[in-house]
There are 2 protein chains.
Amino acid sequence: MTSISSAPDAAATARAFHALFAEISACGATPGGGITRLCASAEDGQARRLFANSTREAGADILVDGVGNQFAIFPLADGPGAPLVMLGSHLDSQPKAGRFDGTYGVVAAAAIGAALMRARRAGETFGADFCAVNWTGEEGARFRPSLLGSGAYAGARRIEEALSSRDDAGITLREALDGIGFLGTDRPPPLPACYLELHVEQGLVLEKAKASIGIVTRNWGAAKIDVVFTGEQAHTGPTPMPRRRDALLAAAYLIAEVREIAERWPGRFHSSVGRILVEPNSPNVVPARVELSVELRSADNALLTDAALMAEAAITEAAERAGVVAAIPGRTLRPIRSLPEAVCDLVAACAEETSLRSLRMDTVAGHDAISLLGQCPTGIVFVPSVGGIAHNEAELTRPADLEAGLSVGLLAAWRLCRAGGSPERALLFRRPNDAFGGER
Amino acid sequence: MTSISSAPDAAATARAFHALFAEISACGATPGGGITRLCASAEDGQARRLFANSTREAGADILVDGVGNQFAIFPLADGPGAPLVMLGSHLDSQPKAGRFDGTYGVVAAAAIGAALMRARRAGETFGADFCAVNWTGEEGARFRPSLLGSGAYAGARRIEEALSSRDDAGITLREALDGIGFLGTDRPPPLPACYLELHVEQGLVLEKAKASIGIVTRNWGAAKIDVVFTGEQAHTGPTPMPRRRDALLAAAYLIAEVREIAERWPGRFHSSVGRILVEPNSPNVVPARVELSVELRSADNALLTDAALMAEAAITEAAERAGVVAAIPGRTLRPIRSLPEAVCDLVAACAEETSLRSLRMDTVAGHDAISLLGQCPTGIVFVPSVGGIAHNEAELTRPADLEAGLSVGLLAAWRLCRAGGSPERALLFRRPNDAFGGER
């Protein structure tokens, strides 16, 4: 059996990947070597057009649905109604973020789709079509919540609800998508027979283990508690201290306590407050209102429940200490879930076949794949992040690791498409030496 | 001796005051009954035009200097080169603020100028001209620092420096003033022989003492420490807790500690953090950079020094605990100072003459008068704030109290203008019953 990384087409796929990745990395490039490509911004529009052009040239039909999700469908099977194998991720980013988060999975899917299409044209037969997808608004940075496009596709929220999400300037997602020409009207494809997402790890597990492929078996739970502290606007000068009802002070007590909670379970629990809105946020004015979200993550359900109770107690206590009123307008829970074994086994087999060291591991961060979990067989393949740096311009995955993930993704997609989309059947397929015709 | 509040012209002055005050209160009026009239905004432009029109109609010449300060000069004395008596305050406001802060002093000065002008036309002779002034950007809400226009006039900062101050949208004060037509080119008048400012107290002292006139004898010192915490942008999910360098966490520790410091000296020390800038301020991102200002106020120099040292230690400690770097790009100190006794005595005499209960007291908040302190004899007259509420839409001073302050201001201004601007000489003057000719 030939390792796919030494096959001629693996090299062509890698070249196609790097070329498109470099082009897309220029969309929203920052002086610090990263990108700022907020959802439905002009830069996002540029990246979306590059993705569409590249996949269209490779033989895909492009659909854009009502929330701007882009589906590049490569017709590999004979006739309509074939099952679909879907790979993808997102092109939007956090502010001053890295080039790899999300973009890696989308560009890899585009390159893999092109490779499969070449194989099809060279005479290979497939039992499923292939779709490379770019989900709208995964980050939740400009439009909230996160996993917006994949969540809408998977039925977690209505299209109208997603489109009415507003950024801090009051612009709706509908207006922003319309502005860049990506408010689509296409009916999205049906749920795939299998969904796979290549993503950078954003953590240190692979690097420490010196493994190049992470097979995600479990998704950490995430509890998010939205908090509003309402105090009273006052002059910071003459207002006597005991009369002040300072909403920012309550937020400070809470932020410190949320960190304190994390100290109880080292390594098993993560917590944070990343975003805070202060009103009126003016010098000489005691803050009247603060809005923030407490984020709690763990792979242990009992622990997550305990932590959420502690956080709610901390919210009440912080409000009391600062003499303000606390409200909790929203709570969301992304439950702890396992990813299907058959998909994990398929990825492991593909890594083994390409002689790559793989590791089964958790994902702490949410990814679009999590939106589809439970709806269809779903897998996540991680590649190492240098130093675990993420959501930062210095984020880096080395070319060899990018290509390792690409090889595994290509092989898994090839097997899945051969097997009509079923991960169980794909496990039985082996790649014949002559399956790919090399470059043409 | 007749109380001025029963004199016909006091009633006319009060009517003129209320009419202009109502008109100006409509500029930037909020649904909550307050105003949002940020410095050099369109609403500020409207208010400025109302002030200019009203004083011009009453006989004043209007000058607008290079930072947009408006001087309405009423020629009361014979010929040029007469000393100047100046009253005023500011028309800009905090976001969602009250109608009285600043506006009271400007509108009162306009009404007093008009009354003096009528007296002049009725045959009264004066040894000084009168100027009603509206200072640009007292609040520091949109353009920093506070006391911007009065500080530039008094020589605390250069015009160019003031004009290059930027709001959060990157607009300079120069551009904003130009946009509303108030980037003036007039040379401002020379320093006045005496400056007086009527202002709402914004505290509880007068209300508790059931006094209607506060005579400010001392200005609390204010130390401001600008702080920047620099951490590292990271993913709030997979990034291990011990590796996080969370700038917002450092800010939270500091905000809590700044409040703690105030608990040591109840009633004698005020502290606050009113404004905080967080980058990138996005969900799922560990904050990389936080900018804030620590504000410390006291009338006790030793205490203020101790508190500033404690705050600096707290900054270092907060940074260490959160694993971030702290920088202090700026420190400002507004020293504790006494206001000149002669001006205080004059105000006290005017209050006594109008049968109003007065009280000598501190100002905790800074006012434009503080910019002029040390440059010329300067006084501040307070009127009560209901419940001490300030920098809040619910800010209120009752009409009777507004008129009480107006009476004292009118009488003090009349005496000062009669006395060629000298507060010492003004103390010797008494208002003749027939000085004001009533309405015409």
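Even glycines carry a Cβ here, placed using N, Cα and C.
Now, the feature entries from TrEMBL:
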BINDING   B:H90, B:D101, B:H199  Zn(2+) 1 binding site
BINDING   B:D101, B:E139, B:H391  Zn(2+) 2 binding site
DOMAIN    B:221-319  domain 'Peptidase M20 dimerisation'
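Cβ packing within 10 Å was compared across the binding-site residues B:D101, B:E139, and the lowest neighbour count falls to B:E139.
The Zn(2+) 1 site is set by B:H90, B:D101, B:H199; from the centre of their CB atoms, other residues of the chain with a CB within 8 Å are B:S89, B:F100, B:G102, B:T103, B:Y104, B:G105, B:V106, B:E138, B:E197, B:V200, B:H367, B:D368.
In this structure the alpha carbons, written CA, of B:H90 (Zn(2+) 1 binding site) and B:E139 (Zn(2+) 2 binding site) are 9 Å apart. Neighbours of B:H391 (Zn(2+) 2 binding site), defined as other CB atoms within 10 A of its CB across all chains, total 32. Helix first, then strand, then coil: DSSP counts for the domain 'Peptidase M20 dimerisation' (B:221-319) stand at 38 helix, 32 strand, 29 coil. Chain A has a C-beta under 8 angstroms from the C-beta of B:H391, taken from the binding-site residues B:H90, B:H199, B:H391. According to DSSP, B:D101 (Zn(2+) 1 binding site) is assigned to coil rather than to any helix or strand.
For the domain 'Peptidase M20 dimerisation' (B:221-319), the mean pLDDT of the prediction comes to 97.
Reduced to three states, the DSSP call for B:H90 (Zn(2+) 1 binding site) is strand. If you measure from the Cα atom of B:D101 (Zn(2+) 1 binding site) to that of B:H391 (Zn(2+) 2 binding site), you get 8 Å. Cα of B:H391 (Zn(2+) 2 binding site) to Cα of B:H199 (Zn(2+) 1 binding site): a span of 13 Å. Cα spacing between B:E139 (Zn(2+) 2 binding site) and B:H199 (Zn(2+) 1 binding site): 14 Å, rounded to the nearest whole number.
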